[in-house]
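Feature annotation from Swiss-Prot assigns N-formylmethionine to M1. The annotation domain 'Rubredoxin-like' is assigned in Swiss-Prot to 1-52 on the grounds of sequence analysis. For C6, C9, C39, C42, the entry in Swiss-Prot reads Fe cation binding site, with the evidence type a curator's inference.
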Amino acid sequence: MKKYGCLVCGYVYDPAKGDPDHGIAPGTAFEDLPADWVCPLCGVSKDEFEPL
């Protein structure tokens, strides 16, 4: 699974780690994140991420 980076703040979403602080389990692909998921650092939507 690919990592995705936030274009605004540089946060990297790593599917192997997920985002447990926001209810996203490890092993969750970026494409499978809920539509309302936002960057945990700066709050932008998934549209502001690109594959690394």
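The backbone N, Cα and C atoms fix where each Cβ goes, glycine too.
Report note: the Fe cation site is defined by C6, C9, C39, C42, and the residues of the same chain whose CB lies within 8 Å of the CB centroid of those residues, excluding them, are L7, V8, G10, Y11, P40, L41, G43, V44, E48. The binding-site residues in question are C6, C9, and the one with the fewest Cβ neighbours inside 10 Å is C9. Annotation: C39 carries the greatest number of neighbouring Cβ atoms among the recorded positions M1, C39, C42 [cut-off 10 Å, Cβ to Cβ].
In this structure, C6 (Fe cation binding site) is part of a beta strand by DSSP.
For the residue listed as 'N-formylmethionine', the nearest of the binding-site residues C9, C39, C42 in terms of C-alpha separation is C39. Across the domain 'Rubredoxin-like' (1-52), DSSP assigns 9 helix, 12 strand, 31 coil.
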